[in-house]
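Novice: Handing you a structure now.
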Amino acid sequence: MLNSAMSVVILAAGKGTRMYSDIPKVLHTLAGKPMVQHVIDAATKLGAAQVHLVYGHGGELLKQTLKDDKLNWVLQAEQLGTGHAMQKAAPFFSDDEDILMLYGDVPLISVETLQRLRDAKPQGGIGLLTVKLDDPSGYGRITRENGKVTGIVEHKDATDEQRQIQEINTGILIANGADLKRWLSKLTNNNAQGEYYITDIIALAYQEGREIAAVYPARISETDGVNNRLQLSRLERIYQAEQAEKLLLSGVMLRDPARFDLRGTLHCGMDVEIDANVIIEGYVTLGHRVKIGAGCIIKNSVIGDDCEISPYSVVEDAHLEAACTIGPFARLRPGAELLAGAHVGNFVEMKKARLGKGSKAGHLTYLGDAEIGDNVNIGAGTITCNYDGANKFKTVIGDDVFVGSDTQLVAPVTVGKGATIAAGTTVTRNVADNELVLSRVPQVHKQGWQRPVKKK
């Protein structure tokens with residue numbers, strides 16, 4: 001069916017006392033981003049014309065964190081219930097648009113479920129998302145008459161017969177803007193809590209003869225809310241299990257799906273293998289036949305075909321061409337670039353540095369602000385000294401250079417093609433092509449040398 005224009009209201013004003021945190025509840029992260037951002041993303045993908053975010057506790061931190069110019073911020077200074085929150089947003093509703101109500105602490109709601117809810121909303125009626133639970137204790141029950149939804153009864157107000165009902169209210173609903181504003185204006189707070197409940201509009205709509213259509217989510221976990229860290233950790237595992245399942249079914253080999261975390265977006269080629277305890281963050285692309293070892297962290301990086309990242313390496317904002325090998329225990333920081341066949345070994349760190357085709361930095365090395373040519377050997381313990389305490393400077397190393405162990409290159413400095421830097425050298429001046437450079441204290445031999453002994 002053809003959907004009307006739609007705006008979304010996200011309720012995010014609660015403090016989240018049971019989180020025991022100074023951070024607003026909806027800013028606690030799931031899969032690397034705030035819970036409320038998951039909900040905003042779903043609303044955006046659904047095609048919302050406007051997203052109204054109802055906020056209260058920690059509003060300034062919310063604005064600093066989300067930084068979304070498209071959000072309409074609606075202040076609920078005093079939290080007097082879900083109906084009160086919607087009343088605050090109501091002045092922004094257009095009469096001819098549908099309004100979808102979501103929650104900032106229900107992060108797993110899917111676009112597919114919301115689209116089915118949107119499609120099911122009757123003309124002039126309400127679309128309501130409900131679920132059936134084996135143990136519905138504490139939840140508002142959905143009452144029906146001849147199969148039609150007639151209202152929602154809170155658990156504390158329900159009769160013994162009504163408490164046997166397993167269908168409960170999730171709080172997620174959609175209705176026309178004009179109808180919603182009218183029903184919201186009729187809400188009262190004549191209850192023990194002195195709050196305005198959005199659930200009361202169901203009975204108001206039924207009294208007007210409006211149809212209420214109930215829709216079930218694809219998975220019950222989509223409607224699970226978060227009130228404490230235990231619930232958040234459970235949703236994290238549910239989310240990660242779903243992501244792992246999708247990857248496995250698409251051909252990615254996860255050696256232990258229960259110990260894999262995806263905190264962003266991952267694109268994989270054919271025959272990719274990922275070992276246990278790997279974390280993927282941001283936007284990551286893995287080419288064909290890439291192997292990621294145990295305990296690695298890959299963030300916002302492109303890894304070319306046939307690359308192998310050995311265990312416990314960290315790769316962030318880096319670009320690797322085909323057939324590169326990394327680690328174990330290597331760190332590629334932002335701006336690291338490896339050309340085809342390059343190798344970075346254990347305890348090597350790179351930042352804003354390019355390592356040419358077939359070049360190697362095998363052990364215990366720092367390469368920062370450096371441009372290194374093809375077929376270069378960087379010996380163990382080499383350091384590009386790029387910082388003078390105030391400014392950064394660049395080191396340039398040409399093709400086919402051999403850099404011996406324990407070398408310091410004090411930038412700015414250029415080493416020409418084919419040059420050889422002897423072990424233990426400190427390079428402070430440019431080196432010409434094919435030169436040998438060495439700077440060492442002369443080696444002294446003392447025959448019959450006696451070591452000092454401790455005095456008794």
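For all residues, glycine too, the Cβ spot is worked out from N, Cα and C.
If you look up Swiss-Prot, you'll see 1-229 marked as region 'Pyrophosphorylase'. Among the features that Swiss-Prot reports, UDP-N-acetyl-alpha-D-glucosamine binding site is placed at 11-14, K25, Q76, 81-82, 103-105, G140, E154, N169, N227, R333, K351, Y366, N377, with the record citing sequence analysis. According to Swiss-Prot, the feature Mg(2+) binding site maps to D105, N227, an assignment based on sequence analysis. The region 'Linker' annotation in Swiss-Prot covers 230-250. What Swiss-Prot lists as region 'N-acetyltransferase' is 251-456, and the listing cites sequence analysis. The active site, proton acceptor annotation in Swiss-Prot covers H363, and the record cites sequence analysis as its basis. Per Swiss-Prot, the feature acetyl-CoA binding site maps to A380, N386, Y387, S405, A423, R440; the stated evidence is sequence analysis.
Looking at the shown structure, can you explain where the listed features end up?
Specialist: Applying an 8 A CB threshold to same-chain residues 6+ apart, the list for L11 (UDP-N-acetyl-alpha-D-glucosamine binding site) reads V54, T82, A85, M86, M101, L102, Y103, G104.
Sequence-distant neighbours of N227 (Mg(2+) binding site) (same chain, six or more apart, CB under 8 Å from its CB) are G16, R18, M19, K25, D105, listed in sequence order.
Mean per-residue pLDDT, taken over the region 'Linker' (230-250), amounts to 98.
With a cut-off of 8 Å between CB atoms and residues at least 6 apart in sequence, the same chain places G345, N346, F347, V348, A380, G381 near H363 (active site, proton acceptor), listed in sequence order.
Around the Cβ of A423 (acetyl-CoA binding site), 15 further Cβ atoms fall within 10 Å across all displayed protein chains.
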Novice: Cβ under 8 Å to the region 'Linker' (230-250), counting only same-chain residues 6 or more beyond its ends: which ones?
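Specialist: Same-chain residues near the region 'Linker' (230-250) but 6 or more away: 19, 28, 30-31, 35, 107-108, 221, 224, 257-258, 260-262, 266, 268.
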Novice: Closest of the binding-site residues to S405 (acetyl-CoA binding site), Cα to Cα, picking from G14, G81, E154, R333, N377?
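Specialist: So, spelling it out, the nearest of the binding-site residues is N377.
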Novice: Provide, as an integer number of angstrom, the distance between the C-alpha atoms of G14 (UDP-N-acetyl-alpha-D-glucosamine binding site) and Y387 (acetyl-CoA binding site).
Specialist: 47
Novice: What are the helix, strand and coil residue counts for the region 'Linker' (230-250) according to DSSP?
Specialist: 20 helix, 0 strand, 1 coil
Novice: Helix, strand or coil by DSSP: which one applies to L11 (UDP-N-acetyl-alpha-D-glucosamine binding site)?
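Specialist: Once the DSSP labels are grouped into three classes, L11 (UDP-N-acetyl-alpha-D-glucosamine binding site) ends up as strand.
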